[in-house]
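Let me begin by presenting the structure, written as structure tokens, before commenting on it.
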Amino acid sequence: MRPLIATVDLAALRHNYSLARQCAPGRKAFAVVKADAYGHGARQVVAALADVADGFAVCSLEEAAEIRAVNEQARMLLLEGCFEAAEYEAAAELRLDVAVQGSANAEQLLAASLPRPLNVWMKLDSGMHRLGFTAEAVRDWYPRLREAPQVAELNLMSHFACADERGHPLNELQLEQFCALCELEFDHRSMANSAAVLTLAAAHMDWLRPGIILYGATPFAELSAEALGLKPVMTLTAGLIAIRDVPAGESVGYGAGWVAQRPSRIGTVSCGYADGYPRTAPSGTSVVIRGQRVPLAGRVSMDMLAVDLTDLPDAQLGDAVELWGAQMPIDELAQACGTIGYELLTKVTRRVPRRYI
Ligand SMILES: *Cc1c(COP(=O)(O)O)cnc(C)c1O
């Protein structure tokens, strides 16, 4: 078997969920498991959190249905709402909470005949300008939705644009927008993503919505997951499948862009961009072999990448190579590639087997 595996540490996941809850005692939390639980496997993540999580949040009906098939009980919130009228009926059958993100959504909901009423989360556009009602529209729609037979709980939610930047002025403005609507008697309110769970206590409200921190990555550019007390959940491990000596002056890999400055020992690793390792990772980016960091040498190819083993003479064929995990934080790799841990995690492809511990 090709030596490449994503090991998912479910104890670390549970640790991270309880850390999120500890930030906001007495509040509830939807564990955000959209995008196949940020690439970790939604079914397994839901099973591992089922006895502790108050609920789960997903993007679409399809994601919700996959989870409902293995968990009959859990409260589940559709974050992006329904995309067509018929989906409200399906959402009611699946016993989902739905976000209603604008007037068109609300009209469709009120036109639906549902087997049971839905818990509705009116989404306020408090400043991100992506989804949601204006504050004025929330006020207009509130009485209609309150009276509607399709609506069970009527709740309010919103989403931060800059919660990952502490002290960003938009955070306060969004919070003010939200709080101005709290005189309406919503059953529950929810505003906090991971970054706000950690640093914006005023946004905790009734329900938290932590995503990335559950998986042990940081939402902040300047605060590491480790400093936050998070444990990495996924370890991506490949193997050293070839080793060769390359004389000074010879190049390695596509484009011949990396040239040996000294007689070098080059290792070939069984992971490439078709597995989800970013092609944008520059030469010099670290992987870990035998507890020691070694640098990437040359371009990442589809199925493989090369590393410079010259300073790790002990390295042997068959050695494990940690591409990210406890020894090589995913956030460090993401930063080197100009992206965020979220993107790397969600882009681990189907051909990488997941193993759960
Ligand atoms: C994805 C998402 C979250 C979780 O965000 P994190 O930054 O991963 O914590 C919360 N709320 C909404 C509406 C989302 O779309």
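Glycine too: its Cβ is placed from the backbone N, Cα and C atoms.
Nobody curates TrEMBL annotations by hand; they come from automatic prediction.
According to its DSSP assignment, Lys34 (active site, proton acceptor) is helical. Other Cβ atoms within 10 Å of the Cβ of Lys34 (active site, proton acceptor) number 19 in total over all chains. Positions annotated as active site, proton acceptor by TrEMBL: Lys34 (among others).
Sequence-distant neighbours of Tyr254 (active site, proton acceptor) (same chain, 6+ residues apart, CB-CB distance under 8 A): Gly298, Arg299, Ser301. The secondary structure of Tyr254 (active site, proton acceptor), as reduced to three states from DSSP, is helical. Marked as active site, proton acceptor by TrEMBL: Tyr254 (among others).
In the three-state DSSP assignment, the secondary structure recorded for Arg130 (substrate binding site) is coil. Residues annotated as substrate binding site in TrEMBL: Arg130, Met302.
Residues annotated as domain 'Alanine racemase C-terminal' in TrEMBL: 233-357. Across the domain 'Alanine racemase C-terminal' (233-357), mean pLDDT in this model comes to 98.
Feature annotation from TrEMBL assigns N6-(pyridoxal phosphate)lysine to Lys34.
Proximity of the recorded positions (Arg130, Tyr254, Met302) to ligand 1: a Cβ under 6 Å from the molecule is found for none of them. Counting only the Cα atoms, the space from Arg130 (substrate binding site) to Lys34 (active site, proton acceptor) is about 18 angstrom. Neighbour list (Met302 (substrate binding site), Cβ cut-off 8 Å, at least 6 residues apart, same chain): Gly272, Tyr273, Ala274. For the domain 'Alanine racemase C-terminal' (233-357), the DSSP-based tally of helix, strand and coil residues reads 19 helix, 44 strand, 62 coil.
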